Amino acid sequence: MDPYPSFHPLKLSIPTVWKNAAKRLRALSFRFYVYLLFPLVPVGFVLYYTRQHLILIFVINLVAIFPSTSLLDYGPRPSGATLWRSRKSLALHDVWVWNTIQFITSIILLHSRQIVLLQISLVGGILSNMHLMLGLGFVACGFRGEQRYNATIAGTLGALLHLSMTGLIIPTASNLLAKPTPFGLVRQSRGTAVIFIPMYLALLVFQFKTHLYLSEEELSIDDYEERLQRKVIGIGPATAIIGVATTMLGFNTFSATNSLEDFMVATGLTKSFVGIILLPLMTNDLAAVDAGLKRNMNLCLQVTIGKCVQTAFFVTPIIVIIGWGMKIDNMTLNFDGFDVAALFASVL
């Protein structure tokens, strides 16, 4: 028998080194490939302002959005960073990141009076997060074996999603069945928007203050080691990262959205396809897949369904109210009947 069974460099040191290296690569490689797309950010600027190729302007700026979104979501999050020691600051970060692109795109479409495309993109954003990103997150979780999730979190998010969809469906159903006057439909939509915003603020208080313990869970060994390996950054660098990422994100989103009409004319694509398929690609990030690869089902649900709830409870009402201030009376919650039916069936 070996008198020193606990000291074998070949049996312990080398496997441990390889194991730690594999964990580091696994944590970095997924986002590293996304960061390789950063050169497309200035290329998108040049193409847009020189008007070189109508189709490439949209495609390049669309792809250039992904590295900026990844940087905005991941850059200022290292554990121990001064900016994120506060739970309230972390909540503010989540609110800011989740639907930044959706909000910027909606404002640009609203300003250009592309109301039909704006309404379709809002529905498409909810559908893509509910099906595409949540499904990819489940697939990523499935590769890591059988997973568990918090039933309370899932039930709460599901109930909020049902409630928000009801608020969006009522104006459309009212227009299809009761045939109200145009001004009556506008008042109904604006009233719903005014009610939804305080409800969303109350939801933030519920999630991040009064019932914060529902979303807290013990760290796995992988998560703990990953947090120890991350470098600590201060308020200054974290704020700079947010500012740079948001600026790049705004420019590429602005360029992609403003080139939409030329892109649709050049390719012959319909507004429904662009609103349901292409525009939601701009708003989808890889956080759900990243959470799935880390075996965090709760975070996967919160990122995907949480974005749907935020779009319905906050982004859409804010856009309606901004349209009210801009005197755009056709910006209402009266969506296309087929889109609403698909949304309602998906929630059920």
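Numbers here mean position along the shown chain, with the first residue as 1.
Just so it is clear, glycine is given a Cβ too, placed from its N, Cα and C backbone atoms.
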Revision key, fill the gap. Of 6-26, 153-173, the range TrEMBL tags as transmembrane segment is 153-173
Practice item. Could you check if the transmembrane segment (118-141) is in contact with the transmembrane segment (304-326), meaning 3+ Cβ pairs under 8 Å among residue pairs at least 6 apart in sequence? Key: yes
Study note, to complete from the structure: With the greatest number of Cβ pairs under 8 Å to the transmembrane segment (304-326), the stretch among 55-74, 153-173, 193-212, 232-251, 263-283 is 193-212
Revision key, fill the gap. With the greatest number of Cβ pairs under 8 Å to the transmembrane segment (193-212), the stretch among 32-49, 55-74, 153-173, 232-251 is 153-173
Check your understanding: What residues in the same chain, six or more past the boundaries of the transmembrane segment (153-173), come closer than 8 Å to it by Cβ-Cβ distance?
Key -> 185, 188-189, 192, 195-196, 203, 214-215, 298, 301-302, 305-306, 308-309, 312-313, 316, 332-337, 340, 343-344, 347
